[in-house]
């Protein structure tokens with residue numbers, strides 16, 4: 001029996017008139033057979049199946065791209081673009097390509113940037129955007145529109161959307177921002193407003209689920225190499241030298257993992273998904289001692305969310321949250337550096353030992369996107385525009401198995417992309433570093 005295919009439903013605006021896509025008359029396009037995406041074009045969530053198991057359902061998403069008919073009259077579109085949360089390489093590229101795409105592909109002339117994140121909807125003056133203004137934005141790091149955490153007041157935000165007449169809203173941000181976008185979509189729907197809401201997930205950690213990767217991730221891995229190389233030089237140039245690098249990754253260790261695999265100079269990689277311990281047989285100290293004995297130096301890469309459960313905290317620190325509602329993490333790098341020094345002084349008094357700690361966090365997230373991420377940001381932006389113009393709402397654009405699709409916003413907001421430590425990729429990390437399997441040792 002053939003496997004059943006379940007296509008994820010996408011919310012659509014109602015009460016708008018269908019009209020011919022203006023790309024038909026666009027001098028840069030020559031739409032031919034296959035150019036427009038049909039409702040039956042889908043992207044499978046999985047491309048690897050066990051053919052002997054006919055019970056496995058095929059989950060599919062609507063394919064992203066231009067539709068033959070759209071629901072918006074371009075001259076009546078008033079679009080708002082907002083960036084929220086922390087910085088990430090490629091944010092300015094996404095803004096630029098949204099503006100240029102709306103302007104050049106569909107003839108939209110009213111495009112506004114909302115400054116300073118969600119709070120900017122109700123507390124600041126919007127910035128009118130056009131292709132000339134944003135022309136070189138992709139060459140700059142950060143976000144020209146400015147960003148902030150928190151400031152999410154649902155009623156004030158939707159009131160501002162309604163009062164300013166925005167009928168398309170493009171929201172760029174991380175998982176917290178996407179959860180906010182779901183609430184905005186729900187409230188807009190409750191008020192029966194004809195407003196298209198789409199999210200463009202931004203997280204340098206690559207922790208957004210369902211899609212293949214988030215923009216800025218490849219740039220972050222590339223930049224992390226420079227920090228690891230510097231740590232390796234420092235460690236190699238010292239007697240019993242350890243180079244300690246802390247990389248971004250609150251809940252997932254993708255940057256640390258990929259940087260480790262790319263570098264080959266790393267002796268141990270610590271990520272949030274895999275616990276570790278310091279003292280005793282099979283612990284980190286025992287491993288590093290042997291490494292220093294064999295090679296005279298070691299490089300240790302740690303994701304910011306690793307080891308949080310074993311760092312001592314007082315009661316106040318256990319309750320502390322940032323403006324996005326996340327637990328405030330203690331600095332695992334500073335803690336590890338101190339713990340390493342205390343261990344060495346205790347076990348090897350009067351012997352030379354050096355720990356060089358490098359934290360490139362703000363260097364990594366503040367740089368412009370590299371060539372690969374720039375191209376990716378363009379495709380994300382254009383996919384979002386095509387979807388909103390076609391009348392879809394409450395969705396996220398992103399690649400699934402290399403093909404761009406429209407995913408319900410709710411799914412993306414609820415799904416995490418964590419490192420699977422049972423996956424061959426993690427085994428590859430351990431084969432490159434020769435580090436111990438801390439969790440198995442601890443349980444043993």
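Just so it is clear, glycine is given a Cβ too, placed from its N, Cα and C backbone atoms.
Owing to the predicted nature of the structure, the values given are computational and were not obtained by experimental measurement.
According to TrEMBL, the domain 'Phosphofructokinase' annotation covers 79-385.
Taken from TrEMBL, the feature ATP binding site applies to 86, 149, 150, 174, 175, 176, 177. The Cβ of residue 86 (ATP binding site) has 147, 149, 174, 204, 365 as same-chain neighbours under 8 Å, each 6 or more residues away in sequence.
Look at TrEMBL and you will find 175 tagged as Mg(2+) binding site.
Annotation source TrEMBL lists site 'Important for substrate specificity' at 176.
Residue density at residue 365 (substrate binding site): 21 other Cβ atoms are found within 10 A of its Cβ, drawing on all protein chains shown. Per TrEMBL, the feature substrate binding site maps to 203, 204, 205, 248, 249, 250, 304, 362, 363, 364, 365.
Cβ neighbours of residue 205 (substrate binding site) (same chain, under 8 Å, six or more residues apart in sequence): 214, 217, 248, 249, 250, 251, 252, 254, 255. The annotation active site, proton acceptor is assigned in TrEMBL to 205.
By a simple count of nearby Cβ atoms, those within 10 Å, the most crowded of the binding-site residues 150, 174, 176, 249 is 249.
For the binding-site residues 150, 175, 176, 177, a Cα-Cα cutoff of 10 angstroms around residue 363 (substrate binding site) retains nothing. A Cα-Cα distance of 8 Å separates residue 175 (ATP binding site) from residue 203 (substrate binding site). Distance noted between the C-alpha atoms of residue 304 (substrate binding site) and residue 176 (ATP binding site) is 18 Å. Of all Cβ atoms in the protein chains displayed, 27 besides its own lie within 10 Å of the Cβ of residue 177 (ATP binding site).
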